[in-house]
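Contents: one structure, followed by commentary.
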Protein chains: 2
Amino acid sequence: MEVISKQKQLRQRRSEALQPVGLVPTMGYLHEGHLSLIRRARQECKTVVVSIYVNPLQFGPNEDFEHYPRDLERDLSLAQEAGADWVFAPTPEEMLPRPLVTQVMVNELTDRLCGASRPGHFDGVATVVTQLFNLIQPDRAYFGLKDAQQVAVIQRMVEDLHMPVIIVPCPTLREPDGLAMSSRNVYLSPTERQRALILNRALQEATKRWEAGEWEKGEEAAAYLADMITSEAGVTLDYAEVLTYPDLEPVESFDQSKAVLAAVAARVGSTRLIDNRIWQREE
Amino acid sequence: MEVISKQKQLRQRRSEALQPVGLVPTMGYLHEGHLSLIRRARQECKTVVVSIYVNPLQFGPNEDFEHYPRDLERDLSLAQEAGADWVFAPTPEEMLPRPLVTQVMVNELTDRLCGASRPGHFDGVATVVTQLFNLIQPDRAYFGLKDAQQVAVIQRMVEDLHMPVIIVPCPTLREPDGLAMSSRNVYLSPTERQRALILNRALQEATKRWEAGEWEKGEEAAAYLADMITSEAGVTLDYAEVLTYPDLEPVESFDQSKAVLAAVAARVGSTRLIDNRIWQREE
């Protein structure tokens, strides 16, 4: 496995790469969720690139950019084990040699859910993903559905701008007790770790009720999720919403919506966590 | 020469194309200025692609999108003569199968000059150029310096987003009497055509004074240009500005600014025309 930090070296390697090229963009501190994306890319591509870059553009001024967990040594050995051919790990100076004036904005899809709580977050995501796509020119790019809104935003950006890449959404991986894997889980104290289980538990219960046809509208399901999460001590609800997927519109009737996203975000102590389910009727 | 209207066919051809691939993006109604770009691309590239697409995104609600001159038959034969291998002429439905929610914005550079008179214009330009770059994947792209701000915006976008393309700025071509070539010149009546010469004449006179070192600051040169254009009957000044190039900042001192853009825009009758000079001290 080769570790690349410079654009120039990356362009050189890319020009000689076997195709298809698969990209797994990450912010590092890899967990099983990331490794499952790398393994999937390994199955489908001749060249597998993992990018490791904590993107300053997608953090708000009061967010955890400075403290976001980093461990490059460990990441490199995990990426290699999972089958990466190259890791692209640029410095911020390499990615942003001068202040950006260009922004890629995906409107509408980004004003709700995490976009409402984190203004500018998805502009930062769309911009850095565009940068990485332009640098690496992948044929396929792998994203985890834990960030379902991110997948919807990127998929729409790719379609709107006719980017020559296929987006491959991959299932969320979970700890044995059901907590969605996230690099931010390391922030949790043992007590918070237990409390955090409410996100998955609420989604699990809501899924049963949806399957049983208990609700007509998305907002009934959202209210159920909100109640259940709010009732957990030490957990502050950020949002609970049930929207069509991937267009993120209100669900007027479950019977008429093919795919629906049930998404929740909450603060456990000072750690913000998200989780979701995609509910899909069989045709 | 092959005429391509569909994305799918374009992708197919692109995958087999000899490289480097050169792109000349146009809105059609080709004149000698466009043809000089095509000829330059022919000299430097193995595959020359001309795109012809009147981009609705870059027209304001009260602008001339509907009436912008179009003549595809004539364009095709001119492009072929000048050496194009393919003309990509998509329909609006092919480029915009559904309403865009994604936008590429280049801030700062786009709030002055034509950006101030035409809000949203450069977002539309940046977005369609990104679409065309993603569809055609050119190694080199050719733009005329008549639209000097456009060149600065695109060059900055390419750098910021690390797009894998080299931007080649090409000199403005002029009619024998000095009028900068533009597809919009067909709108001019014979009287207006004469009046329009003031733009080039003012720039020519200002260039002499700049060469003679008459001015210290950009705004003195700008005031001279404004006076001269305003004094012409039937011509309404939109702006006259002298800014650093390509950063488009005020010129505090000509001695300290390497390259400077003297840019003017005016309405002649109901037709909006632009022209400019780039002033550059030899090192």
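A Cβ is built for glycine as well, from the same backbone N, Cα and C atoms used for every other residue.
Note: TrEMBL annotation is automatic and uncurated.
These features come from TrEMBL:
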type	residues	note
BINDING	B:27-34, B:144-147, B:LEU173, B:181-184	ATP binding site
ACT_SITE	B:HIS34	active site, proton donor
BINDING	B:GLN58, B:GLN150	(R)-pantoate binding site
BINDING	B:GLN58	beta-alanine binding site
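Sequence features annotated in TrEMBL and their locations in the structure.
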residue  : record                    : CB count, 10 Å
B:MET27  : ATP binding site          : 18
B:LEU30  : ATP binding site          : 23
B:GLY33  : ATP binding site          : 20
B:HIS34  : active site, proton donor : 27
B:GLN58  : (R)-pantoate binding site : 21
B:LEU145 : ATP binding site          : 21
B:GLN150 : (R)-pantoate binding site : 25
B:LEU173 : ATP binding site          : 18
B:SER183 : ATP binding site          : 19
Please report the three-state DSSP label of B:LEU30 (ATP binding site).
coil
According to DSSP, does B:GLN150 ((R)-pantoate binding site) fall in a helix, a strand, or coil?
helix
Using Cα coordinates, what distance in whole Å links the residue listed as 'active site, proton donor' and B:MET27 (ATP binding site)?
10
Based on DSSP, name the secondary structure state of B:LEU173 (ATP binding site): helix, strand or coil.
coil
Using the alpha carbons only, what distance in Å do you get between B:LEU173 (ATP binding site) and B:GLN58 ((R)-pantoate binding site) once rounded?
23
Can you give me the Cα-Cα distance between B:GLN150 ((R)-pantoate binding site) and B:MET27 (ATP binding site) in Å, rounded to a whole number?
14
Tell me which of the binding-site residues B:MET27, B:LEU30, B:LEU145, B:SER183 ends up closest to B:GLN58 ((R)-pantoate binding site) in space, Cα to Cα.
B:MET27
